[in-house]
Every structure is written in structure tokens, then in C-alpha cells.
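As annotated by TrEMBL, transmembrane segment applies to 21-46, 58-80, 92-111, 158-181, 193-214, 249-271, 283-304, 316-335. The domain 'Major facilitator superfamily (MFS) profile' annotation in TrEMBL covers 21-338.
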Amino acid sequence: MVAKAMAARTARPGEYNLMHVILASSAGTVIEWYDFYIYGALAVFFSTYFFPRENPTVALLQSLAVFWTGFIVRPFGAVVFGRIGDLVGRKYAFLFTLSLMGIATTLTGLLPSYQQVGILATALLVLLRLLQGLALGGEYGGAATYIAEHSPDNKRGYYTAFIQTTATVGFLLSLVVILIIRLSLGDAAFRAWGWRVPFLLSAVLLALAMYIRLRLQESPLFTRLKDQGKSSRRPLSESLGSGRNWGMILLALLGATAGQATVWYTGQFYAQVFLLSIMKLNFVTVSIIIGVALVIGTPFFLVFGALSDRIGRKPIIMGGCLIAAITYIPIYKLMFAN
């Protein structure tokens, strides 16, 4: 009995430390997702500020096209900051990505309009969006790696699922902030200048996240490899120089990540655009609908993450993609018909 009590007592600090790592890592990633999503959530309001006003629909489509440029550079961000993480450590890599994202988002709230400086406004918007994409590409993979290297083998799916929840929590946070500011200022003021406030708030969130992350320690696995002199000096060439590795990369990219992205953005983010632009619902109603869906759906990341520790990752991924493929088109058709 004494031995069991001592074992339980010594297990609790490790569990506590791991949860501290997860929560601290997730807090920063939530803020990065907030920064990434407020652009898309606010595109319907600021599209005519950065593009010609003659055709608001075209301006909105152009704004959404700029939104998707962030996805184009995300793989490059993962490669660049993944290499930095392999060379100097995970902690410093995602401190840099957090800073880059926060600065780019804050500057977006300070940009001049198309009517003031012409095409320069659009060019600056695209540049900042590309920087956001680079930052998120490095942040997401870095944070997931950091948590995975802290996690026991039999619970790695469960603990790394916390990082996946940050996407929904960040999206929810962006909707809540936008909704509060819009209701506080009124529609006219929000459309005139209030849409800038959620971008500018990123500076405050950046300071908070930096404070939290500076208190984190380096990954124990990375520290051990570095102390043993086993850390890679050429992580890119070693990873990308093998044809077998390229096969694994393409399989993960096209077989897992692409499906996950399609399921997530079609089910959540595009649903918001669809309800606002196609169904013509008001912003408050749409925010409540999406917010409720996010609150209901978020815990299931942890449920299926834990289940993947029992039955494997592949059945979970395949099942989720199959359900989405069967249900998404009928659901959107049903919404449009009604």
C-alpha cells in the first residue's frame, strides 16, 4: 500500500507538469488561430476597403482569395520553422512564429485603405497574410511536436488532440470578440472603423502568450538528443533527400492533412461564409449558430484522440473523411433549399 501511494504521489507531478505544458502550448496556438481566422470572419466587412468598391461581391471574393494565400505558404512555414526547431529547439521556434503572427495581425488593423493608397493597400494586405500563413505553418507543427515529445506513447493521440482543439477555440474566440465589439459599437461604426479593433487586440494577446510561453522548458526529447550529440545538423537534407521519405511526406500531406483540412474548413469556416453571403443571415445569428457548433464539436477532438490510442489513427481519419463525404453536400443542399 505504501509503495502504491508513493507511486501515485510521484506520478501526479509528472501528470501536472504535462498538463501545464499542454495548456501553455495550446494557449499560444489558440491565439495564433484567432489571428488567422479573424481575417476570414471579417472579410465581409472590410473587403471594399482593400479592393475597388464598384462590385462588393467581387471585392468579397478577392478578399477570400487573399485569405487562401495564407494556406499556400503554410507548408513552407512548416519546413522553415521545423528546421529552426530541429537546430535550436522547439520552444524558440514557436516563440518566433508567435511573434511573427501577432505583429502581422496587428499591422493588418493599421493598413490604409484602397481609396487612400490604391493597389499598395492590397499588396500590403497580401504580404501580411502570407506572413500569417508562414507563422501558422511553423506554429502548428511545432506545438504538436513539442507536446508529442512530452507525451507517453500510450496517450500521445489524446494529448496532441489538445492542439487540434485550438483551431476551434481560436475560431470561437474570434467570433466572440467580433460579436462583442460589433454589438458595443453598432453596425455603422463597426463597418467604418470598428472591424480594425479585433486585429489590434492581437497585440495584447501576443504579450500574454509570450509571457506564458517564455516560462516553458525545452522538450525533454530534444534536450536529450542535443546533450548526446544526436541532434541533426542537416535536418532538411536528411528528411527530404530520401525518396522513401518523400513518399511518406506526400502520403501524410495528401492522404491525411488534405482530408482533415477539407473536413474542417468546409464544415466550420465555409459554413460561416455560406450563411452570411448565400443565405443572407445577419452576423449575430450566424455567429451564434457557428459558436454553438464549435462548443459542441470541440470535446470530440479529445474523445477521438483518446480513441486513436486504442484502435489506431487510420480508422479515425478514414471514418471522419467518409462521414464528411457522405453528409456535407446533402446538408448544404438542405440549408439552401430552406
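Glycine too: its Cβ is placed from the backbone N, Cα and C atoms.
Nobody curates TrEMBL annotations by hand; they come from automatic prediction.
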Contact call for the transmembrane segment (158-181) against the transmembrane segment (283-304), three or more Cβ pairs under 8 Å: yes
Between the transmembrane segment (316-335) and the transmembrane segment (21-46), do 3 or more CB pairs sit under 8 angstroms, pairs being 6 or more residues apart? no
At a C-beta cut-off of under 8 Å, are there same-chain residues at least 6 beyond the transmembrane segment (249-271) that contact it? List them, or none. 37, 40, 71, 75, 167-168, 171, 240, 290, 293-294, 297, 317, 320-321, 324, 328
Confidence summary for the domain 'Major facilitator superfamily (MFS) profile' (21-338), mean pLDDT rounded: 85
